[in-house]
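These come from TrEMBL:
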DOMAIN    205-561  domain 'TRAP C4-dicarboxylate transport system permease DctM subunit'
TRANSMEM  24-49  transmembrane segment
TRANSMEM  55-73  transmembrane segment
TRANSMEM  93-118  transmembrane segment
TRANSMEM  130-150  transmembrane segment
TRANSMEM  157-177  transmembrane segment
TRANSMEM  220-242  transmembrane segment
TRANSMEM  262-284  transmembrane segment
TRANSMEM  384-406  transmembrane segment
TRANSMEM  426-448  transmembrane segment
TRANSMEM  455-472  transmembrane segment
TRANSMEM  492-517  transmembrane segment
TRANSMEM  529-555  transmembrane segment
Amino acid sequence: MNDTTKLNTEDVDRDIVMPNQRIFSGWMSVLFIVVTIAYALFHIVSLNIYPLESWTYRIIHVAGAVGIGFILYSSRTFKDHGSDSRIEQNKFYLAISGIALALILYATYALGVIHFQLAAGEYPTPDFETLHFGYPLTAGAVMAIVAGFFQPKLRHTVSLSDLGLVLAMLAASYYFLVNLDATALRMRAGTNFVTQGNVWAALTGMLLLLELTRRLTGNALVVIILAFVGYGFAGPWLPGFLNHNGFQFNRIITYLYTDKGILGTTTAVSSTYIILFIIFAAFLQVSKVGEYFVNFSFALAGRKRGGPAKVAIFSSGLMGTINGTSAGNVVATGSLTIPLMQRVGYKPKEAGSIEAAASTGGQIMPPIMGAGAFIMAEITGIPYTEIVVAAILPAIFYFFSIYLMVDTVAAREGMLGLPKEQIPKLGLIMRQAYLFMPILILIVALFLGYSVIRSGSLAIVAAIVVSWLTPYKVGIRGIGRALNTASMMSVQIITVCAAAGIIVGCIALTGIGARFSSMLLALAENSQILALVFAMLISIILGMGMPTTAAYAIAASVVAPG
């Protein structure tokens with residue numbers, strides 16, 4: 001790039017593509033877009049017009065995200081975005097996938113029989129639920145998961161094994177839905193008197209959720225979840241505060257698929273506040289607000305010494321106000337600022353570290369903070385507006401400290417800013433300040449006392465209206481693209497929230513949270529400061545290897561009771 005080259009910020013609002021993410025075309029792309037649009041519309045309608053019973057709503061919410069996740073994300077990574085020029089022939093994969101799909105289809109047929117039996121006022125026998133529904137469904141799901149490790153690397157089509165996983169998740173979820181009218185089923189969940197179908201549906205749902213979590217976040221969170229589930233069985237043989245009486249398999253598995261676990265607090269948050277604000281962020285992305293934020297940051301700080309690093313700080317802070325995710329910030333701003341930081345003199349590791357630190361701050365930048373803030377409001381009962389206000393100063397101090405660090409490095413190394421010719425004119429940028437209007441409407445609505453859902457919905461409408469003042473008008477096609485983008489963006493956070501619910505459920509069932517808190521208080525000798533230090537250390541350790549949502553859910557469950 002020469003000194004007179006204009007900055008290209010058009011890619012700031014592009015969609016994030018993960019290494020194992022499929023890219024569809026043709027009729028498959030159209031079908032996938034229709035599914036994702038329907039999924040996003042389901043949430044908008046349910047939250048604003050036609051509310052559903054909470055269990056029904058959350059079951060559909062999780063099942064939809066897991067289904068879309070298996071369609072979108074492969075078990076294997078792809079090397080590039082190219083076409084599938086060579087199809088790998090793998091007879092073992094085809095055989096195991098075919099058997100898995102056949103078993104899942106048979107279980108789906110048995111589910112239809114169960115549905116008609118319940119409609120006729122009859123209850124299926126435990127043997128029928130186990131032999132014709134439970135065994136085939138779970139065995140088929142396990143075989144499809146195993147087959148995923150051998151599936152061909154076809155980026156533009158869904159593999160046979162992943163289709164089986166989607167069908168298995170839908171079957172397991174439908175079992176819960178057809179039994180929702182049976183109050184006894186819900187009352188028995190988490191006890192030793194559950195139906196066999198409930199056990200197998202819950203087990204299959206958990207296995208599928210863990211597999212998608214592995215594909216999206218890696219092995220660390222899955223290993224931790226399995227450790228907590230194992231703790232539910234191993235309690236009688238553990239010493240000290242870890243000891244408990246232990247629980248039967250049926251009770252643990254079904255308890256974890258109730259509103260005490262997967263369908264609990266974390267999913268309640270992801271199915272309301274988080275999904276709504278992701279839709280809001282998607283509409284802002286389609287209307288190129290992110291591009292405006294980056295241009296504004298360049299106009300503000302681009303010419304200062306070490307300018308690109310300071311631009312990364314300002315742009316990440318602004319992007320954090322609309323998406324609240326570190327990964328989204330890194331992809332949106334880092335692809336532009338990291339090369340520029342290296343150009344003015346920052347070392348590659350310094351440029352990457354600055355962008356990572358600045359983008360992480362998006363999770364604590366009001367008004368739209370990370371998922372952890374919404375879960376915090378749900379668990380503590382503190383209004384979200386109060387959490388937003390409390391986060392203002394920490395967020396400012398956080399970004400200011402990064403600013404001081406990059407300025408110190410720039411001064412020490414004698415770095416310069418970017419040439420004037422490359423910087424957008426501040427006057428022109430300020431004339432587009434109306435693009436901040438949806439965010440201002442969101443803030444005002446929150447502080448006027450409107451609910452978070454109503455405020456978010458108003459902000460979405462405002463984003464559509466404001467877009468008509470720009471060259472990027474959001475029409476029918478733009479609305480469809482925003483809803484499609486929102487559904488894809490939401491899969492990872494919904495999956496992590498549901499997976500974190502398993503940990504929360506294990507902590508609640510075993511009572512380890514209260515015992516651990518009592519131990520911390522005993523160590524702190526009733527010193528509030530020392531107890532807070534312990535809580536801080538636990539949060540830092542958990543945050544080193546886990547997504548923020550899961551780390552906070554665990555920390556809050558084991559520390560907050562004390």
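The backbone N, Cα and C atoms fix where each Cβ goes, and this holds for glycine too.
Unlike curated records, TrEMBL annotations are generated automatically.
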Task: Stretch with greatest number of CB pairs under 8 Å, the transmembrane segment (157-177) reference, 24-49, 220-242, 262-284, 455-472 candidates - done: 24-49
Task: Considering the transmembrane segment (426-448), which listed stretch of 55-73, 220-242, 262-284, 492-517, 529-555 counts the most C-beta pairs under 8 Å - done: 262-284
- [ ] Quick one: average pLDDT across the domain 'TRAP C4-dicarboxylate transport system permease DctM subunit' (205-561), no decimals.
- [x] 84
Task: Surrounding residues of the transmembrane segment (24-49) on its own chain - C-beta under 8 Å, 6+ positions past either end - done: 57, 60-61, 64-65, 68, 71-72, 156-158, 271-272, 275-276, 279, 453-454, 457, 460, 480, 483-484, 486-488, 490
Open item on the list: Below 8 Å between Cβ atoms, which of the listed ranges 55-73, 455-472, 492-517 makes the most pairs with the transmembrane segment (220-242)?
Closed with: 492-517
Task: Contact set, same chain, for the transmembrane segment (93-118): CB under 8 Å, 6 or more residues outside the stretch - done: 124, 128-129, 132-134, 136-137, 139-141, 143-144, 146-147, 150-152, 159-161, 163-164, 167-168, 171, 174-175, 178-179, 181-182, 197
TODO: Could you give the residue numbers and ranges of same-chain residues that sit at least 6 residues beyond the transmembrane segment (455-472) on either side and whose C-beta is under 8 angstroms from one of its C-beta atoms?
DONE: 44, 47-48, 273, 276-277, 279-280, 283-284, 286-289, 432, 434-435, 437-439, 441-442, 445-446, 478-479
